[in-house]
């Protein structure tokens, strides 16, 4: 008993000792505030939801209205092209406005009017073809596309021309012979070929198992579409109607390839066409050819002489006379009068043919002829509205598909377009037939709206005579054929080629084209399935069999995005590490929530944004290798930066979750390159810190990138023997490396936006986000504006007209398959002794990696919606040293692309010759930037201080000369000091220049050349800021940017060029320890403990890696990463080579700028002879000569001098290009934001079905999982605890109020006394709440009651299955954790991403 009592006493004593003393129990919980990366999004989220709600309604209304308007105007235009022998020429005119009340007046057919409408229809058809040609021209000019094969050209041309001929037959023969109602009904009968192919081949795609009902509906759809070929032709004696089947059949051929996608005989041909963008080369000539064919067919079918369509073209579009015939008698019915008028019309026509007079004044019935002037604007307005309506329908429909609102705002309005068109056409034609004056203000009276009937009785009779009651079946057949538009499968913001089969639309049948042109089979799946088969032609049957076998080999998990975070660290501070680790903890939480939603809430089905996660940190120079502090080279101590990382992880989790989270000490593993620390984060994802020993492996950032590329892509993917080459290719396509710096701050949604771009664009190799600099001081303010305009204008322009040249390594996403291409990873390992390549390779490794990707054919994009925040240099010297590295590397890499432009243009689809010219212009501006700024300062001093031009020149020349000499002869610290002093002086001068410009604007007016250019630049930047409302406040930093222009564009360039031989990093340099021989042995520092025995890691377990991985690391280090051991002679040779390169480049740089300055300056001296007259805002003068008594009036123009001309031409052109491109990029960014925004404000009431509940629960599953897994914040109320206000029940109100104010004391006591809950395992938190007995806390989650009920049912089923399964998940108690199981830790399986799980809570595999 004494032993038990003693042990119990010891345990109680230990608990008391471990508890924090009451005098030190006060807490400082983190505030519930958003970080820099989250603050802006919180403000924008509400407005995005509201805006998307408006977009839903606006796009629906626009698509429906424009599709109906385009179709009605098309029918209206076709009805007015009827020839002289047509029955549609009897157009009764409103006699009330002719001052002939009660008379029946009919407009006679007019040849000029018919020719005008024929041309209008040709122009309406040609409009989308012109858009197609312009798009093809832009893509072929600014992007590189493969030349089409002969088979592709033949197939595309054949079926496009068949469609054009059929459309011309329909427009100029069938529709003029039909009334408006039947013409509108005929619109849904152009689906016969798609319906037939859908029956033969498409059923296998839409349905997994074809049952009899689906097959029967498909057969009925084909029969319904074919019935119109027989019914109306058999009921009509007109040849035009009898040939109805031919145009309908030919028109439907356009969309054949969208529906014939699995037929063995043509599968290879179709897929060859679809999976290349070479179709744009075909449309360069096919679009004009289609216009010519359509026009020629129209002229032949319409009936007039072919020459007359051209000779009478100008007369047809002018005002001409329309002949009116009036019946004076009032007896008889209106139909009798119309018949008489028709006989008169025939007589007049025969008289004209016989050469007799066409005027009939006295006939059997008294009739009169009049004339009225036509309105040519009616044709123009109808054409413009029809073209605009069709264009807007297509654009808004494509926008709806891109932002994932296709069902409500695209499919529904297009389905409703035909019924609405039929109803409106019938109504308008009926009103016109019943009362010729009813539409007098809408359209000219002499134009026709052919009505089905003039009364309700006749309308009903005609419906029965023409079997119009079958039309709903035709419409339903169209709906069934186009059922795929209700099941969109595209990614967010997908490219046009992924959304539609044909690049543009058919303007005359815009609603049917929108439905049948929408892709059925997802482009990405088809592209990945056969991309490798396009390299070598094979037999179609063999190709299909190979694809089917390959598709069986590929697993669903192979397509899940694998996100591998790879961060490089060196000498980051604790604050910088904190921001990075908080970002990783947030990413870990997001992934865990999606995994829990997939496992427990969605039945194993992942959401659209699901991804797997692993974090790797590559720590350069992680060990202390100084012999005075390192006793054992095999077990060196880690430096303070690694220790800071180890201490900061728990703090970062505390900042994110608001509760003390103690992660288990990391697993420590000795590796051939140094060491490895493995943490299991709260979401059970792994974070691995690779500690690099520079004595064992090459250090610096580029070699860390080589290290993780070969490890993650070469070893873990290529060395996996169980995977087939096809599976490896698919896995590589869906594996993404997120390259980060150690000070980055971002949110999970920023990464998700980059992944969305990777999904949407197959050739995308890298994507970067919007980088925001953070810090304090004027240098950071300058960088905020610099980064802002650099992203708003330059990166946006590169993205739109070509592709981004540099994806910054601080926050970029790379596709594994792009890095694994030839001449990327392998070339990135090159070690060179050439000075120029040393500057290109090592001074800007991120830009060089992107250069290799571009040369390999990959695309690099900029995603403005993905925000990341990075610490920027706060001091002048640190900033100059950073840019000293960036500027030479940037110039070297761009020169590399320009020098090899032909090869780059051939290999990369996104880079064209025009884009190369644009980059060449920017490069010229960069090289001549110092000279340009010098001339600008000379001109500014002359204008502001009214001094001589030579004086202004010398004032600028001597400081620059002094700085150049200091860069040649002085050390860098003195160069920086001089640069700082000169920059300060220039800042004062620029402020004076700014005041002078304002004064000059007031004197000369805002339209003077200098004033106008200054205002245009200011307005452009202001509009750019307004287009980026979240970043608008960066414009306030524009003043700092303006006054530092001479320093940043002149002094900084000079400093960078003259110090390009310095290849040191320049920032975050560690202090160099110097030997002091005078130190006595007793003064030597004690040896630090080895890293395996470090006190911070004393509780960590020791692990090991597999023999295979050890062999890999030894081989890769020997091959590529062995530390460079250079002799003194080699180092001196490299230094001499860099110095020679510096001298050569600096001399060329100075001479080019000097020549440029000399030429422009000499021209400036002769500006009275060499200038241009500024045509805007001249000044008029009036003089009076008293001697001769003469008044003289003359005009004086302002002069544009050579300096101003250089600015206007060169920089003005660049600014215009960037300004236009910015608008396109902002629209794309807004589309991406809307596509990722979910509107969850409205919930259905009584009509909420079980399917709606399942869909709502699926959409909210991640938020529910995030709520259930998140730890309870410090001092927050747990879900199973009462609030303090409920416990403090007292009759004395004052006492109760006092106690409420002092509830913190009770919280401190309660927190100290009760057993602390362990929230360090998010999976356990989720399961504790989900499998527990308490009700789930679903506050602030707007869920329908049925959705909540469905969630409870799934929860009960999960509990039952867990209880019934042996070893299932038990119901844990609050505050407990599963027991720790002892096990041996090793890394023996290289094929999976299974890592140490720090405590055996669960088995986690990636």
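Just so it is clear, glycine is given a Cβ too, placed from its N, Cα and C backbone atoms.
Please treat TrEMBL annotations as automatic predictions, because they have not gone through curation.
Residues or ranges marked as compositional bias 'Low complexity' by TrEMBL: 1362-1379.
Positions annotated as domain 'Chitin synthase chs-1/2 N-terminal putative transporter' by TrEMBL: 47-266.
Under the heading region 'Disordered', TrEMBL lists 1359-1380.
Residues or ranges marked as transmembrane segment in TrEMBL: 53-77 (among others). Residues of the same chain lying 6 or more positions beyond the ends of the transmembrane segment (53-77) and with a Cβ under 8 Å from any Cβ of it are 117, 120-121, 124, 171, 175, 180, 183-184, 187, 382-383, 385-386, 389-390, 392-393, 396-397, 399-400, 403, 405, 408-410, 412-414, 416-418, 420-421, 424-425, 428, 443, 447, 449, 507-511, 514, 1234, 1239, 1241.
Residues or ranges marked as transmembrane segment by TrEMBL: 155-178 (among others). Within its own chain, the transmembrane segment (155-178) has Cβ neighbours under 8 Å at 74-75, 78-79, 81-83, 86-88, 118, 121, 125, 148, 186, 236, 238, 240-241, 243-244, 246-254, 256-257, 269, 273, 279, 282, 286, 289-290, 293-294, 297-298, 301-302, 450, 506, 508-509, counting only residues six or more beyond its boundaries.
As annotated by TrEMBL, transmembrane segment applies to 213-233 (among others).
Positions annotated as transmembrane segment by TrEMBL: 239-256 (among others).
Remote same-chain partners of the transmembrane segment (283-302), defined as residues 6 or more beyond its termini with a Cβ less than 8 Å from a stretch Cβ, comprise 81, 83, 114, 118, 121-122, 125-126, 129-130, 132-133, 136-137, 140, 156-157, 160-161, 164-165, 167-169, 171-173, 309, 503. As annotated by TrEMBL, transmembrane segment applies to 283-302 (among others).
Feature annotation from TrEMBL assigns transmembrane segment to 378-396 (among others).
Among the features that TrEMBL reports, transmembrane segment is placed at 408-431 (among others).
Among the features that TrEMBL reports, transmembrane segment is placed at 916-943 (among others).
Packing against the transmembrane segment (949-970) from elsewhere in the chain are residues 934, 937-939, 941-942, 978-979, 982, 985, 1050-1051, 1054-1055, 1058-1059, 1150, 1161, 1164-1165: each is 6 or more residues past its ends and has a CB under 8 Å from a CB in it. Look at TrEMBL and you will find 949-970 (among others) tagged as transmembrane segment.
Here TrEMBL flags 977-1001 (among others) as transmembrane segment.
The transmembrane segment annotation in TrEMBL covers 1033-1058 (among others).
Residues annotated as transmembrane segment in TrEMBL: 1144-1163 (among others).
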Counting only residues 6 or more past its boundaries, what in the same chain has a CB within less than 8 Å of a CB in the transmembrane segment (408-431)?
55-56, 59-61, 63-64, 67-68, 71-72, 75, 179-181, 183-185, 187-188, 396-397, 400-401, 438-439, 449-454, 459, 471, 475, 478-479, 482, 485-486, 511, 514-515
For the transmembrane segment (977-1001), what are the same-chain contacts with Cβ under 8 Å, counting residues 6+ beyond its ends?
876-877, 880, 937, 940-941, 943-945, 959, 962-963, 966, 970, 1008, 1010-1011, 1014-1015, 1042-1047, 1051-1052, 1055
Mean pLDDT for the domain 'Chitin synthase chs-1/2 N-terminal putative transporter' (47-266), rounded to an integer?
82
Six or more residues beyond either end and a Cβ under 8 Å away: which residues meet both conditions relative to the transmembrane segment (213-233)?
182, 186, 189, 191-192, 195-196, 198-199, 203, 206-207, 241-245, 248-249, 466-467, 470, 473-474, 476-478, 480-481
